[in-house]
């Protein structure tokens, strides 16, 4: 019988529900249990694919091509599992499905309502994930904050699941904030009490309360929360700000959170073997070297827009015993005139993915600087496309060379629409998405990084390198080092006469893990260290 854990949040959003859920998943997996995890987002968008990064942070892509919430990246990195489209559910998806069923006549002429039709669809998404994975435990994080009107159908659905599968098979975890009032020198539990009161008014009694705090939570305070929220003091779990996120599972284990969960769910499992994880955390806290990477993007004011890229850099750093210092460089402020001054202290330059024409020339200036000055360069998606544009302009001498995405009327469309994209009108869900194979050319930097000639990586793009320019590029020193297996689509380019200049069309950051860094990131950081 599958067991169900639901993680809700109160007081404020962005208090670490995703990290809590992912950390618990790691502990349970290390106890020998099979775990899957999903995120319910109450917004009406079908997915975050067309949302601004300023609104949502990065869009995380799964193997099967789902454009999902960035929390799925935390889940995959912590638990080391590959999720799918059933792991991210939005109000938009649910309502779309219910309306489709109504139009098809599935409801036999009945009045379609939030209860039971929307709530049943939500429950089905939980049960479907359980059926598909046959997991011992499924963890479901409910986005937003208790009290939000958008969350009500989700909370009602998870309330009903307890009745559907039995109380012994369901556990509710509520994550709240205990604010520290500096002027008074006190921490306040009242917001937590009110948040739990709101949750209980909806029919959900939390079994565990995780309190986010900057200061230590005293036993007296835990007793007070337990009294007012009708749980044991041992079921109040402190979640402090950590030096590294990867210490959170160890902190939860120290407070026996996994034991409490298994006791509630009437499960028996051996203690979690966390030696490898402890070694990872020890390594992270005791890195002996430093390397500075200039990350050049247009969304750098919200670093969550590049969350997986930053994490993949850090993972590579762990492998090299190096702390990664990321210099967040706004490409809108980079020009040919000031690029040397901006880049003077960086050991490597990375241009990540992106869309649209804003701040493109700043990225191209950064790429030219890396190429000319032999600074290690790593381009991802748009970062690859602009590397070929820069090379076409400044090495091949093709005046006005550009991407058709940015300049549709260019005489030299180095980057053009994929043929299958030319008649597509809708933006959402229509990119080339998900895991695709790439064949790597022998004797290249890409092959040296991967140690193999066939890899699979996750993609998210609509435009592709124009093969009309391939021969000309290669003759001038920018070679195609990986393509799709049929040789049609360019996947990786690199410079022959450069210490490390590699750019890929796919998004390698999505498969990086803290204890298993992605190969190109690992090689790039190694090259940056040599450049110090």
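Placed from the backbone N, Cα and C atoms, the Cβ positions cover glycine too.
Per Swiss-Prot, the features are:
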REGION    1-267  region 'Amidoligase domain'
BINDING   13, 148, 149, 150, 188, 189, 190, 191, 192, 193, 224  CTP binding site
BINDING   14, 15, 16, 17, 18, 19, 71  ATP binding site
BINDING   54, 354, 382, 383, 384, 385, 405, 462  L-glutamine binding site
BINDING   71, 141  Mg(2+) binding site
DOMAIN    292-532  domain 'Glutamine amidotransferase type-1'
ACT_SITE  381  active site, nucleophile
ACT_SITE  507  active site
ACT_SITE  509  active site
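Sequence features, as recorded in Swiss-Prot, placed on the structure.
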{"residue": "15", "record": "ATP binding site", "Cβ contacts under 8 Å, 6 or more apart": "9, 175, 176, 177, 212"}
{"residue": "17", "record": "ATP binding site", "Cβ contacts under 8 Å, 6 or more apart": "7, 8, 9, 71, 141, 142, 143, 175"}
{"residue": "18", "record": "ATP binding site", "Cβ contacts under 8 Å, 6 or more apart": "39, 71, 74, 75, 141"}
{"residue": "54", "record": "L-glutamine binding site", "Cβ contacts under 8 Å, 6 or more apart": "299, 301, 302, 305"}
{"residue": "149", "record": "CTP binding site", "Cβ contacts under 8 Å, 6 or more apart": "none"}
{"residue": "192", "record": "CTP binding site", "Cβ contacts under 8 Å, 6 or more apart": "10, 11, 176, 177, 178, 209, 211, 225, 229"}
{"residue": "385", "record": "L-glutamine binding site", "Cβ contacts under 8 Å, 6 or more apart": "379, 403, 414, 415, 463, 465, 505"}
{"residue": "405", "record": "L-glutamine binding site", "Cβ contacts under 8 Å, 6 or more apart": "355, 357, 415, 417, 462, 463"}
{"residue": "507", "record": "active site", "Cβ contacts under 8 Å, 6 or more apart": "61, 308, 353, 380, 381, 457, 458, 459, 460"}
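Comparing the recorded positions 381, 382 by how many other C-beta atoms lie within 10 angstroms of each C-beta, the top residue is 382. A distance of 29 Å separates the Cα atom of residue 382 (L-glutamine binding site) from that of residue 19 (ATP binding site). Neighbours of residue 14 (ATP binding site), defined as other CB atoms within 10 A of its CB across all chains, total 12. The binding-site residues in question are 16, 383, and the one with the fewest Cβ neighbours inside 10 Å is 16.
For residue 19 (ATP binding site), the Cβ neighbour count at a 10 Å cut-off comes to 23, with all displayed protein chains included.
The record gives 14, 15, 16, 17, 18, 19, 71 for ATP. Within 8 Å of the mean position of their Cβ atoms, the other Cβ atoms in that chain belong to 9, 20, 21, 74, 141, 175. If you compare Cα positions, residue 224 (CTP binding site) sits closest to 509 out of the recorded positions 354, 384, 509. For the recorded positions 71, 141, 509, the greatest number of Cβ atoms within 10 Å around a candidate Cβ is found at 509.
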